[in-house]
């Protein structure tokens, strides 16, 4: 017992000495990090993954404009412009059309949290990681989540959706328009009417497809629609079309889309995707989505060629060409390479550049002979 007391006394003395030492040095300051004394170095790369995409000079310039007050009339004008731009991109006259400060994932949470209550039945049509993510969010707030699933590379038919609606009687159906994890674009015609026939709201994720594939919120009967700023809109990440933002960058991304026109933007993405798909087939590569009608024009998924490690291919292309392409995500992980051709990056020149990079990678990356 006496030894224990002596040990405690010694520990207390050490603690007191340390405390005194801290007090003595409290007037000194920590030195700055050497890294912060060096100029910021940002490599220039061609971002041909599934997003973010390269930001055009016009949008970069908008981000460098002077800061103005959040109550200034010019700020309100920018916010009004953004609202009108989103209404155009979404093809809707909904008054509650805004942009939240946050990612597309934030918009997903915003949409679900605002329409789902504890115990509500939510039907999630999952054909990739984003349907799974929506199901997880809904479960966390107490929803009774029911899943209908398709393998990566496939989409849902109206009959399959109707069977789920009739069986589960949900208050909300979640479905992804452009599933970037598998490269599938989901047909939406008739889906809104079908949901409303079963007294169900339709929530659509268009993060990877808005501006690159046709979508008509009002005409297709979509009740809630959200997207992201860093894909086809080519704005920096951090704003999501569903609520409002103070950033002028999103306004410029929407302005570029408005000046080009939705139809021209859709056609640009379709033509460049077809050119890319033809080039891939000429290289002997296989497209992961077998049905051409279901291929997302903004993100192409390529089946990893037999004998190759997808990481070797993406690493080689990044190192030699400074071009970003990525592997699969969620259910498609290890199965595909993903190449994004979005907005500013959707050009014939970029199609040819990434095809040349893939051709070179296939010749120089090690191939497993087993």
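Yeah, the Cβs are placed from backbone N, Cα and C, and that goes for glycine too.
Per TrEMBL, the feature substrate binding site maps to 338. In sequence order, 49, 50, 180, 181, 183, 299, 300, 301, 302, 325, 326, 327, 328, 329, 332 are the residues of the chain that are 6 or more apart from residue 338 (substrate binding site) and have a CB within less than 8 Å of its CB. DSSP assigns residue 338 (substrate binding site) to a strand in the three-state reduction.
What TrEMBL lists as domain 'Aminotransferase class V' is 68-246. Mean pLDDT across the domain 'Aminotransferase class V' (68-246) comes to 91 in this model.
Taking a C-beta cut-off of under 8 Å and a sequence gap of six or more, residue 231 (N6-(pyridoxal phosphate)lysine) has these contacts in its own chain: 51, 52, 53, 104, 207, 208, 210, 211, 212, 298, 340, 342, 343. In the three-state DSSP scheme, residue 231 (N6-(pyridoxal phosphate)lysine) is classed as coil. The N6-(pyridoxal phosphate)lysine annotation in TrEMBL covers 231.
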